[in-house]
Amino acid sequence: MTIYNFSAGPATLPKPVLEKAQAELLNYQDSGMSVLEMSHRSPEFDKIIKDAEATLRELMAIPDNYKVIFLQGGASTQFTMVPLNLAQGKKAYYLVGGSWGKKAYTEAVKLSKTIPFEPILLASSEDTVYDHIPSFDPSTIDPEAAYVHLTTNNTIEGTSIYDLPDTNGVPIVADMSSNILAARYNVEDFALIYAGAQKNIGPAGVTVVIVREDFLNDQPQLSAMLDYRIQAEAGSLYNTPPCFNIYISKLVFDWVKNEIGGVDKMAEIQREKSGLLYDYIESSDFYTNPVKDAKDRSVCNIPFVTPSKDLDAKFVAEADALGFKNIKGHRSVGGMRASVYNAFPRQGVLDLIDFMKKFEDENK
């Protein structure tokens, strides 16, 4: 039985990446050591991390005046690290189109009780269960604000921002955790991008931060571990980084570049792959996708429901027994969610659609 992993993260990794990691696990390139055990100061790892950065820069067309940092703590740590480094003494706006954006705003509010800055909720679609990306009047944004924070892809609700909003000249900070490398963005449109690895980059445990150099604050932070400047100047080696996770990420970057053909080709594949499932849901009067506007639909996370919660539960149980794993929707929204990140096979979407048709026929 073929197993398809629809998990929202940690997610499917490319098979060639896993095979290469397996082949090199005990003896990395005749070093006599595994990457799991080699020093982060060794010449072997120095090449790994530099190659990882170079390939990511090429894939995303990252300009020279941006630093790339590999950090620990997941994207959730960035909810604190961003305002701590960028917003002291200023306003910071938050566009909340999903649960993770709300968490970022909530953490900012919590931090504002400790350091002087003002987090402002710019707009939210929480009142409609985040079924769309909220709009706002850019003239309401103070042009002296530190940044506008947004989440480019909402894993739970299945929405995405593809065209960046007008922010009245205020720099944009983006949580790009769940659609980085799956859609093309112009890095120069952002002051800072951060992304947890466990969707489209690699295993959980490493977070990529891409930050424009003029946003590296000279003021000492509460902790050196939370200071972008210190981390950037140390080349991501201020302390021992998650070496193996960075190594796997490098292999994924190589896969996107050499086997897929780059981000534009990857984005094309994602649009086609997710479109198969969206088209079927649209053609069905049994399944529903809750996203209000088709232009907001995610190419990575596709939530859907049947006519009842009982049928949802039955669907999840039967799907799991057939190898469609982790397809249950997030507890906050229910239903089902098919997360089809970059490494998820197209055949898995086709097989899921076949099962959905069969389930619909048997349960109408």
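Placed from the backbone N, Cα and C atoms, the Cβ positions cover glycine too.
Copied over from Swiss-Prot:
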- Arg41: L-glutamate binding site (BINDING)
- Ala75, Ser76, Trp100, Thr155, Asp175, Gln198, Asn239, Thr240: pyridoxal 5'-phosphate binding site (BINDING)
- Lys199: N6-(pyridoxal phosphate)lysine (MOD_RES)
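On the structure: features taken from Swiss-Prot.
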{"residue": "Arg41", "record": "L-glutamate binding site", "Cβ neighbours (10 Å)": "9"}
{"residue": "Ala75", "record": "pyridoxal 5'-phosphate binding site", "Cβ neighbours (10 Å)": "25"}
{"residue": "Ser76", "record": "pyridoxal 5'-phosphate binding site", "Cβ neighbours (10 Å)": "16"}
{"residue": "Trp100", "record": "pyridoxal 5'-phosphate binding site", "Cβ neighbours (10 Å)": "23"}
{"residue": "Thr155", "record": "pyridoxal 5'-phosphate binding site", "Cβ neighbours (10 Å)": "25"}
{"residue": "Asp175", "record": "pyridoxal 5'-phosphate binding site", "Cβ neighbours (10 Å)": "27"}
{"residue": "Gln198", "record": "pyridoxal 5'-phosphate binding site", "Cβ neighbours (10 Å)": "24"}
{"residue": "Lys199", "record": "N6-(pyridoxal phosphate)lysine", "Cβ neighbours (10 Å)": "30"}
{"residue": "Asn239", "record": "pyridoxal 5'-phosphate binding site", "Cβ neighbours (10 Å)": "11"}
{"residue": "Thr240", "record": "pyridoxal 5'-phosphate binding site", "Cβ neighbours (10 Å)": "10"}
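Taking only the Cα positions, the spacing between Gln198 (pyridoxal 5'-phosphate binding site) and Arg41 (L-glutamate binding site) is 25 angstrom. Geometry remark: Lys199 (N6-(pyridoxal phosphate)lysine) versus Asp175 (pyridoxal 5'-phosphate binding site), CA distance 13 Å. Across the structure, Asp175 (pyridoxal 5'-phosphate binding site) and Arg41 (L-glutamate binding site) are spaced 30 Å apart at their Cα atoms.
Mapped onto three states, the DSSP output places Asp175 (pyridoxal 5'-phosphate binding site) in strand. Using a 10 Å Cα-Cα cut-off around the residue listed as 'L-glutamate binding site', the binding-site residues Ala75, Ser76, Trp100, Thr155, Thr240 reduce to Thr240. When secondary structure is read from DSSP and collapsed to three states, Thr240 (pyridoxal 5'-phosphate binding site) falls in the coil class. Comment: pyridoxal 5'-phosphate site residues Ala75, Ser76, Trp100, Thr155, Asp175, Gln198, Asn239, Thr240; largest CA to CA distance 31 Å, whole number.
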